[in-house]
Amino acid sequence: MASMTEQATQAGRHMGGIAQMSSRSLMKKCVPNVVGTSACRSMFLPKLDMKPTGRNASPLRSSINETSIITRSPFTSVSTVKLSTSPVCSAAAADAGGSSDSTPSSSEGFLTKYPALVTGFFFFMWYFLNVIFNILNKKIYNYFPYPYFVSVVHLFVGVVYCCVCWTIGLPKRAPIDKPLLALLTPVAFCHALGHVMSNVSFAAVAVSFTHTVKALEPFFNAAASQFILGQQIPFSLWLSLAPVVIGVSMASLTELSFNWLGFLSAMTSNIAFTYRSIYSKKAMTDMDSTNVYAYISIISLIFCIPAAVLLEGPTLLQTGFADAIGKVGMRKFLSDLFWVGMFYHLYNQIATNTLERVAPLTHAVGNVLKRVFVIGFSIVVFGNKISTQTAIGTSIAIAGVAIYSYIKAQMEEAKKNVAKEDSKAA
């Protein structure tokens, strides 16, 4: 009987030694593979804590205990094997699984760590693309004065760009149904009308003057909000618009490039974009802004094509294309049309993405500064001569827009704060 007990004890010690050797060899094989290669990134780095219930148990100690697995052995009744995962292997396993909540990617880490820098980059690209678009657009009109056709090119290049992005899944195309199409169609019509009228003005007068007249857009927005939407506009907001009206009037009276076509088309553009804002509020959707702008561009293109064909088609076929190619050559002509379309679409898309990142006040200030940049660069690049009165009037108008934008943004912030307090109280 004693010999049998001694044999059983020796057998238990022998199996304990085998388990210890097995755990060490397993760790030697697993550690290099997990850390050094991607083949075993999803494997655990185990430290085994064998706790046999026998009398001579000598468990292997573990510094980390997370997962317990019950195993059966022919030599012990029940053994509890506790598996743990080291931080290195946890990261490797998360990498193999495709995502990790606790370990962000390098790009996400940068965006989170430097949000102001990223927002500044968006503003820079918005201004840069807008200035380049306005300069290249005016240069095209200097040798190819067909704004309806050029407006179609702007939208067509943007639509092709959107289709290519949808094809590669950047972004993924959001489906559109009939109700959403019905909501977006009025927005797209006003967008098309405002875009075409802006280009008619750009072709007829100096870029700086067009943007000075377009500074009146807040006035039309306030009027539409008061008399169409029935929203009460504070007296202080109306008072801030007085410098805008006065400044535009002063600039228009002494503008050297003034003509009624350029002035009235810019005013029509203001009205069209005002109605676009009204319809946009009615067409609020959960679709992301990139997809919404893509669909608006497609519908706007459909609206613009008939006007271009009817008003400029015959002249383009007879002399328009031939004259442009004769002045700059086929290659430069096509290159200018392509790039002006790309800059138009990209600056509008970047503007939308930028304004989603900032508060209303920052948005308002950024919009005013953008117009200042465009006016200043256009005067420098094209060497437009402006009178002293025009310069003073433009400055007054821009200052009025800045004041209006500041008051408007403060009102929006106050509304948001009230809404937050009401939601917390509820």
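Glycine residues also receive a Cβ, built from the backbone N, Cα and C atoms like all the rest.
Among the features that TrEMBL reports, transmembrane segment is placed at 114-136, 148-168, 180-197, 235-254, 260-279, 291-310, 390-407. Look at TrEMBL and you will find 118-405 tagged as domain 'Sugar phosphate transporter'.
Here the transmembrane segment (260-279) lies next to the transmembrane segment (180-197) in space: the count of CB pairs under 8 Å, restricted to residues six or more apart, reaches at least 3.
Of the candidate ranges 114-136, 235-254, 291-310, 390-407, 291-310 contributes the most Cβ pairs within a distance under 8 Å of the transmembrane segment (148-168). Ranked by the number of CB pairs under 8 Å to the transmembrane segment (235-254), the listed stretches 180-197, 291-310, 390-407 are led by 390-407. With a cut-off of 8 Å between Cβ atoms, the residues of this chain six or more beyond the transmembrane segment (180-197) that come close are 147-148, 151, 154-155, 265-266, 268-270, 272-273, 275-276, 279-280, 282-283, 285, 287, 292, 295-301, 303-304, 307.
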